[in-house]
Amino acid sequence: MTDTFVSGFSYFFQAATDSNATGFEPCVSSIDPYKFYQFSLIPACLLTLLMAATTVRRRILLDFLNGRPGLLFPMDTLTRSSKISYASAFGATAFVVYQISIQHQFAIDYSGALAVSTLMAIFSMIIYGIVFFPVFACLALNTAFSFGIGALYVWMFFVVDLYRLSECSFTLSGRAVLFVRRLPSLGCLAYLSITLPVRFVIALQKRKYFKSNLGERPPDETLEAIRNSYQGQHVRKLLTKPEIVKEPEGMKNVIKAFVMEKIHSWIYHREKGFRYPARILSVMFVAACVVYVITVELTAYFFKLFGRITTFLAADLDLIGWEELPGEMSSTATVRKALLFAYYATRTIKYSLIVAIILACTLSFFTILHMMSSFRTNLYAMYRGDFSTIPPPADQGPVSLCTGSIKYAGYQVAYFVWAFIVTFVIIALICLAVSTLIHLFMFEVTEFIVNKVLQLWPSVVIAIVLMIVQWLLARYIFLQEDGQYLRLDNRRFYFVFTYFMFFFNIFLGLVSCLLRILKAIGVGTLLLARLDNSTLPRKFEFFDPGFQAYQGFIHMEAAHTHPVVNVFIRILASMSKARKAGKVGDTSVELVRKQLKHVRTDIENGQPVTKIDQVDSVRKKPINLSARFNWMVTYTLLHNPSIRIHRKGYVHALMKARKEGRKIPISDRPITVMDSLKTDEERERERHEELKKIKPLGPVRSAMNYVLGIAPDGTPRHSGGSADATGSVSWVKRRQMLRRRNGKAKGETVSDDDDGSSDTDSEGAVSVQTRQVSLELKDSEGHVIV
């Protein structure tokens, strides 16, 4: 009977894995999936060219065919509009993604050399991309023409999927399994089949027939529209004074506040002024659909496999009897016991695997929801410049971040698939271990377990007691003030206790190392699909390709969707268009200035409410815009010192210092001594400019030196060009004559013997010295030149 059981198990396992081994006749669809996708390339290419003809090229061959067709993209990865439609378009490809990732079924049927199979897989990816391209392109164009042909194309896929479900004569249960299996793609196609015609009608009403800006030209927006947008609401919330929350009083209120805070932290709350990008919603939706399809496939597979095995075992037990009969052979009792154990073990394995599948699926869905909330938290932190969770962009560089942003979508779906499989395997092993223990107790095979427990419990108790004793001594004996400060007390006892605990902690460390491995496995399993958290330490995050992809994605989002920057640019664009139009109305420049001047945010019923006070009075006195702007800049710099390092003066000084090879401190203090940061070329240029200014004064200085008897080098000029005593006496006499003349003018008596090493007249205009005469000559602006 044992051989029969083994052979029967092998038979039914092969039967369960055979796709044709169903309870009814095999169903082969008349629509071959390989040919369907291959022939779908024809309408896909035609529709793509038609939609591309409605756009215009911007740089290349602008004169050829009036710049048509233009480059058409399927999806703006930074957009916040049409999120559900894009998610449905990606969801329609969920079953294709499952076939690619799990079943390795591609658009080209080939079973040959491995190198050629890899090439066929690459071509299959291109085919799938082209086939589904028109569905995304019609949403990106957002015109009546694109919605019309997109609706027709989606209807084709929807009708083909419905025909595949109805063409075979399945039983009710078989048809239900097929329907549940294709539910995500059918639901998404049904949604697009309804919404695309509705959008077609709306586009006709708005007269958006063919022309689309594809997000390249900003729309004509008023200040009110900008203020009411989700980015405007976020900026208004930033400018609103936060509400002060009072601390609860009393033990009851403190406990209540603590419990409510914990509950509030576990419940998702929508934040006004935030919208998720269409890309991350689409990626998470595709991941959820793929996990759903894998769950349905595995559940149906295990039910079919173990159902047949238990049916076979039950048939054998019916032959020999479920209960022991009097007078039967011992071999029959042994076989019965083995069959009963196999029967219950098979049922246990079946339900353990089903529970593992359900828990893995549930954990994956919760991970998706938590990742969405974590993405919002991380993006807000990036807007604030907080890089405590996500490293700053300077750590990788723009090229690496852009590459990671491209990889993120595909990586995220693949990581969810692997995380589901790994989680399922680990949970299944845990469930099998628990169920095995339960069955051992059921069949009274407990001697081995009891012996192991009796051998291990003293060690476990001692380890727990030692850990508790160390904690108690550290708090109440070894630290001051009952462990409030990290300051030792009773040092001698501390040193003795530390010495003896060294040997005990070796054995505790062995167990702790095993627990560390188990914790790492558990945390790694939970965070395997979480690309927003690296499974590696902070210093080794660059080894984690998934986390690097998430970094690139979120840095790209923060760089292009910052609400403060976007609102500021939109306001400038609105004012610029109003200024060019010169209209008098809601978009006029004067009204925009009045609105910006008289906007205030009040708190009403706990919510920020923006109000506008219209002021029709016109100022009679002109406003000094330059002075007001300078005052605003000064006020901003005084209250925000950290932004001084981003001003033009500091940036130029930093560039000069780097060119010169000098280092200046990164500080918000302004640099006043700019000469120290000048390059050698600039100093040489300034010296030549000063020499050019002094050069025209050469004749004046020469004449003055000649009158005073001073040589060009600053020494006294001697008569006849020789340095004799006569010339020196003549020079001294002239000097004394000048001193007498100045003395008479002042009413003083000057002796001829007083040579005066340094004399100055009353006006300080001329100073005659023994070796040098200094003249003060000024230019037209009053600067001293000589």
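Each Cβ is built from the backbone N, Cα and C atoms, and glycine gets one as well.
Worth saying up front: this structure is predicted, and the values here are computed from it rather than measured.
Taken verbatim from TrEMBL:
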TRANSMEM  36-56  transmembrane segment
TRANSMEM  84-102  transmembrane segment
TRANSMEM  114-137  transmembrane segment
TRANSMEM  144-163  transmembrane segment
TRANSMEM  183-202  transmembrane segment
TRANSMEM  280-303  transmembrane segment
TRANSMEM  349-369  transmembrane segment
TRANSMEM  415-442  transmembrane segment
TRANSMEM  454-473  transmembrane segment
TRANSMEM  493-518  transmembrane segment
REGION    712-786  region 'Disordered'
COMPBIAS  732-744  compositional bias 'Basic residues'
COMPBIAS  750-762  compositional bias 'Acidic residues'
COMPBIAS  776-786  compositional bias 'Basic and acidic residues'
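Contact counts against the transmembrane segment (349-369), taken as Cβ pairs under 8 Å, peak for 280-303 among the stretches 36-56, 183-202, 280-303, 454-473. Here the transmembrane segment (114-137) sits against the transmembrane segment (36-56); at least 3 CB pairs are under 8 Å, leaving out pairs fewer than 6 apart in sequence. The transmembrane segment (280-303) shares more Cβ pairs under 8 Å with 84-102 than with any other stretch in the list 36-56, 84-102, 144-163, 183-202, 454-473.
In summary, the transmembrane segment (144-163) does not lie against the transmembrane segment (415-442): fewer than three C-beta pairs, each 6 or more positions apart in sequence, are under 8 Å. With a cut-off of 8 Å between Cβ atoms, the residues of this chain six or more beyond the transmembrane segment (84-102) that come close are 75, 124-125, 128, 132, 135-136, 139, 154, 157, 181-182, 184-185, 187-189, 191-192, 195, 278-279, 281-283, 285-286, 289-290, 292-294, 297, 413-414, 417.
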